[in-house]
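Only one structure is covered here, and it is reproduced in the block below.
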Amino acid sequence: MDDAGDGAPGSGTKRKAPAAAAAAAKGKAAGKGKAAPKAALATAKESSLLKQKSPAEFFAENKNIAGFDNPGKSLYTTMRELVENALDSAESISELPDIEITIEEITKSKFNTMIGLVDRERIDEELYDDFESDKAREKRLAKEARFQETQAKNAALGKKVKEAPAARGKGRGEAAFFRVTCKDNGRGMPHDDIPNMLGRVLSGTKYGLRQTRGKFGLGAKMALIWSKMSTGLPIEIKSSMKGQNFISFCRLDIDIHKNVPHVHFHEKRENKDRWHGAELQVIIEGNWTTHRSKILHYMRQMAVITPYAQFLFRFLSDSADKNLTIQFARRTDVMPPIPLQTKHHPSAVDLLLIKRLISETTKQNLLQFLQHEFVNISKSHAERLIGEMGPDFSAKMAVKSLTSQQIVRIHQLFRQAKFDDPNGNCLSPAGEYNLRLGIIKELHPDLVATHASSPQVFEGHPFIVEAGISIGGKDVKHGLNIFRYANRIPLLFEQGADVITRTALKRINWGSYKINQQQDKIGVFVSIVSTKIPFKGTGKEYIGDDITEISSAVQSALKQCCLQLKSKIVKKLQARERQDRKRNLNRYIPDVARAIMETLGEIADESPPKRPCYDKEDEELLEKVNSQEVTEMTFRDCLTQHVEQVDYEMALEYAMQSGVSEEPREAFYLNSLEGSYKFIDFQSPVFVFRFIP
């Protein structure tokens, strides 16, 4: 019992019970440091109240970390996670991705039918948040009438008519539900592993040091958690691996408190079409209206960075005018290489990571551990490091026997010693060729330039920056249109603080490259790939501007693109000047030809005694004028040919000076060969030469 329970009613003070007071006095008399039995019981009770949260429970309570801030953002993030998983699955087996995404709107009555809930008529209207009293309704109708009257007067006077303001509800409104389905032609999932792969948070196949699309390693698991929280419905999975004669079908949800899958149904079905891949279907609460533009923008940006993939996006609704189908066609069959798992760089590890590597290594001694568990440590380099660690270390000492103090010494030496930078061979950028194709395919610009940097390093992690800039195009606004990518996925939120945005706005002098920042339609594309993307913010939606190596690399890549564009723009300006000059000359040809003809006619009409003597060629010309063998049209043709010749000679002279031929060019495309075959690709920024032995 609580001690306060023994106090007198209404008393403001607490009195100890006699037994408790006696026990306390006895404990005090027994000597210092001895706790009373009551205190010991209280401590035990407090310790029993300690709780441990599962990873699924943590992310459920902090769903905004994974991008599930609200229903609209949750719909966007669910679609994005499923698409990125599908791309990873297809690329892992070098299969050209073919992905179908469907978002189907589910009405409240249909949702209630699905879960076996009967719709009920409202009984107490005032109980609901959207209830409107008679007085409030009269006030609203009067306001609408005044607005319509004002609009009618404006229309009569020829003034601009405003649209009627949308009615705003003061509450949350009715929930909207959506069935999100994503189907791919990727690797598929092993039948027995499906429950754990989708129903257990922080378990998967992508952990390790490599370039990955994911931000948290959650994938579709967070969509399952959101489904559990918003609709309570399970997720459905169909999957089949290459060569399997069956399709795995599984319906499951997740026990959030235990972080274990709850399997409703799991069976094998016949695979008549020999299909391989995965199809995931989840029903969640969402908001299509608020995030429609974000979802479509994401799909367009993904089509730019993955032109080797084909996407089919559909939005289905009971209202036919809301239905939407968009296909992003494949433009190339050249895929980036699969990212390779790599070892840690010594300068990028911490104490916990060193201890984990020691516990997991199969190497016996310290020399082998340093040489094989880290990059850029050769045998001779490892021996020098061990000699620098001190007399307590030796090359043959067992690595498992290292003490905590010795591990700290290794960590300190790693931070101070000099190591070669990682070479970046483990990275898989989109490729300058693919980036250029994607920009051309989706934006249809007038001019485009691309550049890929060599591998660079920050904090022991390699990274590559690819950039592209386009001028003109369809569905592009005037000014800067910035497209940001991290490990080949679009970043759409928190753009203002991103290193790419700040570099494009503040560190590039567009005018010096003949580009008008306000009037031209400028597309800025920057893709950064690395084994560690330095995201900022809880949602990991932007890359910070505080890493000098990355900001310098982004600025350098954009400047290289600007230099390419400047050369093209100058050529276009010069060509335009030539065309203007030629047009002006051609405009005066009729007047000049007429004046020449009139002058020659007057000379030819003069009698021979009064006419001066001319040489033989001039006399022949006058005779031809008299005989009308030479007419005004003759002079027009001669002058036109002369203007053409001068224009050609000036263009030829410019081409010789610049080293570029301005001869007419015709674009052509070759169809890919059918069937499987071995080949070697030789890539350049503007073409790929495929050699088939």
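Cβ from N, Cα, C; glycine included.
There are 20 other Cβ atoms within 10 Å of the Cβ belonging to Lys540 (ATP binding site). What TrEMBL lists as ATP binding site is Asn85, Asp184, Thr205, Lys206, Gly214, Lys215, Phe216, Gly217, Leu218, Gly219, Ala220, Lys221, Lys540.
According to TrEMBL, the compositional bias 'Low complexity' annotation covers 18-37.
Averaged across the domain 'DNA topoisomerase VI subunit B transducer' (422-581), pLDDT for the predicted model comes to 90. According to TrEMBL, the domain 'DNA topoisomerase VI subunit B transducer' annotation covers 422-581.
Sequence annotations record features per position, and here TrEMBL assigns region 'Disordered' to 1-37.
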Listed in sequence order, residues with CB under 8 A of Ala220 (ATP binding site) and six or more positions away: Glu81, Leu82, Asn85, Leu198, Ile235, Leu280, Val282
Other CB atoms within 10 A, centred on Asn85 (ATP binding site): 22
